[in-house]
Each structure stands twice: as C-alpha cells, then as structure tokens.
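This report concerns only the one structure given below.
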Amino acid sequence: MAAARLAAALLLLAAQVACEFGVLRVVSQTSRTRSRDYCILYNPQWAHLPHDLSKVSLLKLRDLSTTQLCSYLDVPAEDFTNQIALVARGNCTFYEKVRLAQGSGAHGLLIVSKEKLVPPGGNKTQYEEISIPVALLSHRDLQDIFRRFGREVMVALYAPSEPVMDYNMVIIFVMAVGTVAIGGYWAGSHDVKKYMKHKRDDGPEKQEDEAVDVTPVMICVFVVMCCFMLVLLYYFYDRLVYVIIGIFCLASSTGLYSCLAPFVRKLPFCTCRVPDNNLPYFHKRPQARMLLLALFCVTVSVVWGIFRNEDQWAWVLQDTLGIAFCLYMLKTIRLPTFKACTLLLLVLFIYDIFFVFITPFLTKSGNSIMVEVATGPSNSSTHEKLPMVLKVPRLNTSPLSLCDRPFSLLGFGDILVPGLLVAYCHRFDIQVQSSRIYFVACTIAYGLGLLVTFVALVLMQRGQPALLYLVPCTLLTSCTVALWRRELGAFWTGSGFAKDAPQTPWAATQGPVPPKAVGSSLSEQPPSEELAKSPLSTEEAGAADPAKDPDNPVASPLSPSNGDEAQPIPVVKPETSA
C-alpha cells in the first residue's frame with residue numbers, strides 16, 4: 001500500500017506544471033556595492049537554478065523589454081552572448097521565446113509580465129531541447145530596478161534552498177492537538193452536567209444548547225453535501241468564496257461567544273438586565289455583560305473580515321476564531337456510538353483520498369480539487385482564500401520570503417472529524433469510570449497521526465490529506481483499548497448513552513444519579529430514569545433544597561425541612577397509577 005501511494009504521488013507530481021520561486025540579484029554596473037533582490041517565478045524543467053549565490057556569475061542584463069521576441073526579426077544584430085535577455089510577455093509561447101534567446105547565445109531569459117506570474121510551461125520534447133533557465137519577473141519589479149539602478153545592471157539568477165522543516169509546524173501541532181483535547185473533554189463533560197445538580201438558574205441565557213446526535217443518515221447526507229459543495233467551489237470559486245467567508249464570520253463569532261460565555265458569567269460586574277420589552281431575544285432580558293460579550297465577538301469577526309488579507313497579523317485572528325468554532329462544534333455535535341464514529345471517519349477518509357489523489361486524473365489541469373480549493377485556484381480573479389483552515393506563516397528566515405509569505409495550513413475537518421471520536425471516548429470513559437483511558441489514548445493517537453502527516457509532508461513536499469493518517473491512528477487505537485479492556489461490545493454500541501445517566505468519577509459510588517432539574521415534577525421525569533434507587537446524602541439534600549436557599553422563596557415538597565436525610569422518592573411506572 002505504501003509503495004502504491006508513493007507511486008500515485010509521483011504520478012501526480014509529473015502531471016503538474018512545475019513551479020518554483022527564485023531570486024534575481026541585481027547589482028549596479030557602476031557601483032558593485034549597491035544590490036537588491038527581486039522575486040522571480042521559474043520552471044526547473046527548462047533548466048535548474050543553482051542554490052548558492054556564490055557559485056553564480058554576474059551577467060549583463062540585455063534590456064529588450066519593449067520586444068516580445070517571437071520571431072527572428074526581434075533578435076538584435078548583436079547577439080545575447082554571455083548576457084541575460086529581458087523581453088516582454090505575449091504573442092507567442094514561452095518555448096518560442098527561449099528557443100530564439102538560446103540560439104542567440106543567451107545564458108538565461110527573463111520575461112516581464114504585467115499580469116499575474118504563471119509557470120512558464122512547455123512539453124517534454126521542448127524541455128529536452130532547452131538548456132538555459134526561463135523565469136518571469138513582474139513589471140512592477142522591473143520599474144523599481146530601472147528607478148534604483150538605471151538600465152545598465154548586472155544580474156544573477158539563483159534559487160536558495162529552504163529548510164525542510166519549519167517551526168510553524170510546532171505551532172500548528174499545539175493548536176490542533178490542544179483543540180481536540182479541550183474540545184473532546186468539554187464535550188464529554190457537557191453531557192455529564194445534564195445529569196449533575198445545577199446551580200440556581202440566573203436567567204434564560206444560563207441554559208445551554210442540547211447536543212445534536214448524529215445518525216447514519218445524517219452522515220451520508222453530510223458527505224454528499226461536502227462533495228457537492230467542493231465541486232461547486234472548484235468551478236465557481238470566485239463567486240462562492242465570499243459566501244463561505246460570510247458563513248465563517250457568523251459561525252466563528254457564535255463559537256467565540258460560546259467559549260467565552262462560561263467565563264464572563266463568573267465576572268462580578270455588569271449583572272444588571274435589560275428592562276422588560278417585546279423585542280426578539282431581548283424579551284428574555286439578557287444580562288448586560290452577555291450583550292457586551294456578543295458585541296465583542298461580532299466585532300472580532302468583522303475586524304477579521306475587513307482585514308483578512310493582512311498577512312502580517314490577520315492569521316492570528318483567523319486561528320483564534322477557527323479554534324473557537326471547532327470547540328463549539330465539538331461541544332454541539334455528538335456521535336452516540338463508536339459505530340457512528342467509524343462510519344463517519346471511514347467515509348470522510350475515502351472522501352479525502354479521492355479528492356486529493358484521484359481527482360487530478362479527472363481534471364483538465366491535472367490539479368487536485370481539494371488542494372485547488374484549499375489554497376485558492378491559481379487563475380482566481382479575487383485571489384481570496386477559504387478561511388476554514390488554521391494557518392501559520394513560515395518562521396524560518398529565507399531569501400524567498402520576499403516572493404510570498406507562505407503559510408502552512410491545516411483544515412478544520414482534520415480537527416473536527418477525529419475530535420468527534422475523542423469526545424465520544426471521553427463520554428464513554430465517564431460512563432464506565434475508566435480514568436479517561438480512552439480519551440487519553442485517542443488524543444495521543446491523534447497527535448501521533450498528525451506527526452506522521454508532517455513527516456509525509458516533508459518527504460513528499462506536497463499537500464497531504466491528513467485524514468489518511470489520522471483516521472487509522474485514532475480508530476485503531478480506540479478499538480485496541482476497547483479490546484484490551486474487553487469492552488468492545490459496549491464501546492461499539494455506546495451502552496445507551498442517550499438513555500442512561502452516566503456514573504461519573506465526581507459522584508459517590510453508591511449515590512444516586514441526580515435529576516436533570518431541581519424541584520421538577522415527577523411527571524417531567526422519564527420512567528426509564530430511576531431517580532431514587534438510594535437515599536440522597538445530607539449534603540446533596542441540602543444543596544437541592546430550595547427551602548434552604550434564602551434567595552428562593554419557593555420550598556419543594558419533596559425535600560425535608562429539618563435537614564435530615566431525605567426519603568426515597570417514589571417512581572411512577574407507566575403501567576401503574578400513582
């Protein structure tokens with residue numbers, strides 16, 4: 001399998017037009033101490049550029065930037081011997097230009113482009129015929145060269161090597177593993193709190209949203225929608241990208257609010273509420289601090305939306321909003337069984353491989369649909385990028401940093417999909433009281449899978465479908481732990497997560513499962529929840545007794561008023577009358 005994947009990767013690389021950045025060193029012909037570097041785009045299939053500047057000779061730049069060099073009539077009487085030819089782009093192919101330049105003795109060809117730089121491509125026969133480098137230079141950079149140095153300059157073309165490993169991978173690793181661990185822990189604990197005693201309700205905004213259980217039908221519909229949306233983005237990227245940006249702003253601000261709300265509710269100030277009114281949402285009289293939090297979250301999202309293309313700092317806001325969105329989704333979406341986890345991960349595993357490795361054979365350009373959409377099509381007129389990724393700029397210093405500010409990317413799907421399995425493992429840990437062994441093992445497996453992804457990225461030097469490595473690592477690890485503990489059957493079916501209240505490490509071993517809401521009537525409790533298998537302890541009875549709360553004037557008839565141990569509460573069976 002490994003050999004087949006490597007062969008497929010090599011085939012894909014061969015099918016694409018090679019494209020690399022290089023550096024043009026410009027030196028003044030009158031003063032050799034004055035120099036400046038400029039970015040160029042070249043195709044190494046014509047000829048490779050040396051990596052070391054010290055091994056490159058400075059050559060005179062022959063300025064024919066007003067000529068397109070498409071016929072022998074464009075070749076000057078004095079040839080290009082020991083010179084770098086500078087010509088304009090257009091009217092003929094790159095091959096025709098470089099063939100004429102090489103025939104006239106040029107040691108290299110620079111093509112000035114007023115449009116976006118594209119790889120100077122050709123075919124295999126043409127590559128074998130040409131032995132001099134071909135590179136594109138932007139018209140803006142050429143104007144800067146003439147302004148600074150004049151038209152008499154010496155130049156050298158080279159392609160400095162970049163470090164194989166960049167430190168930004170460490171940042172992405174910490175963000176991804178941290179999000180999965182925190183999100184999985186939060187999602188599991190969120191389910192437990194529904195069965196634990198609650199503090200006095202301070203207002204309507206105190207209530208938390210219920211988790212959404214994912215069914216196999218929902219999984220299939222979701223994957224079909226993903227495929228459909230990805231294909232639409234591939235063909236209509238420039239129109240749909242703004243829709244995705246708008247959705248991200250809305251969803252990320254909601255996620256940020258959900259993450260910060262528990263901390264804001266603990267603040268001792270701004271607890272006043274809005275006056276009585278009939279306005280939507282405001283009729284619930286939210287607290288002033290929650291309104292301020294909502295305003296803050298919307299402001300952060302809007303600021304990112306306005307300045308999203310500021311490479312120097314906008315990526316920090318994007319990552320912050322992205323992590324908040326992922327945490328919110330991990331808390332909200334719940335996979336009820338390991339069977340559902342396996343189905344989702346395997347289907348998306350196939351989806352990821354298909355759109356990364358198979359689609360290059362189906363598209364005219366020979367490019368992967370997934371990579372094109374994730375990084376933005378090269379022919380996009382908007383040059384916008386999809387925000388559904390964590391992105392960190394390269395931290396290693398390199399001369400090539402003047403060409404672009406390259407980012408390393410990790411899609412939200414590579415966090416959310418394994419994260420849902422981690423969340424399920426935490427809930428199962430709580431149910432079987434296993435000291436979180438499933439949760440810890442699955443989180444470690446995710447981290448190891450991500451490390452394998454980074455290694456593959458370094459070795460293959462191209463984008464990797466992270467789920468190709470994350471899905472086997474997390475699924476096999478979780479299954480192995482279940483087999484080792486002889487709990488595979490219960491782990492596979494979830495053992496009634498949706499029905500039974502979990503026995504948590506924080507509850508007494510022989511104690512009861514507390515009701516969902518203090519003081520609720522018997523008719524509100526499902527018959528399947530045996531609420532009173534054993535008496536409440538004195539501490540729990542006191543905490544659950546509204547009569548002992550000086551702020552609550554309503555006393556519950558189900559709680560003793562003398563502080564003694566509460567008596568068991570009778571359970572009404574559906575087939576008998578009370």
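Positions of Cβ are set from backbone N, Cα and C atoms, glycine also.
Per Swiss-Prot, the features are:
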CARBOHYD  Asn91  N-linked glycosylation site
CARBOHYD  Asn123  N-linked glycosylation site
REGION    502-578  region 'Disordered'
SIGNAL    1-19  signal peptide
TOPO_DOM  190-216  topological domain 'Cytoplasmic'
TOPO_DOM  261-286  topological domain 'Cytoplasmic'
TOPO_DOM  334-341  topological domain 'Cytoplasmic'
TOPO_DOM  427-438  topological domain 'Cytoplasmic'
TOPO_DOM  485-578  topological domain 'Cytoplasmic'
Taking DSSP states H, G and I as helix and E and B as strand, how many residues of the topological domain 'Cytoplasmic' (427-438) are helix, strand and coil? 8 helix, 0 strand, 4 coil
Given the glycosylation sites Asn91, Asn123, and counting only Cβ atoms in the protein chains shown, which has the most within 10 Å of its Cβ? Asn91
When you scan the chain for residues with a C-beta under 8 Å from the topological domain 'Cytoplasmic' (334-341), skipping those not six or more beyond its ends, what do you find? 187, 191, 211-216, 219, 420-421, 423-424, 427-428, 475, 478-479, 482, 491-494, 497-498
Sorry to bug you, but what's the C-alpha spacing from Asn91 (N-linked glycosylation site) to Asn123 (N-linked glycosylation site), rounded to the closest Å? 18
When the topological domain 'Cytoplasmic' (334-341) is classified with DSSP, how many of its residues are helical, how many are strand and how many are coil? 4 helix, 1 strand, 3 coil
Taking DSSP states H, G and I as helix and E and B as strand, how many residues of the topological domain 'Cytoplasmic' (261-286) are helix, strand and coil? 7 helix, 1 strand, 18 coil
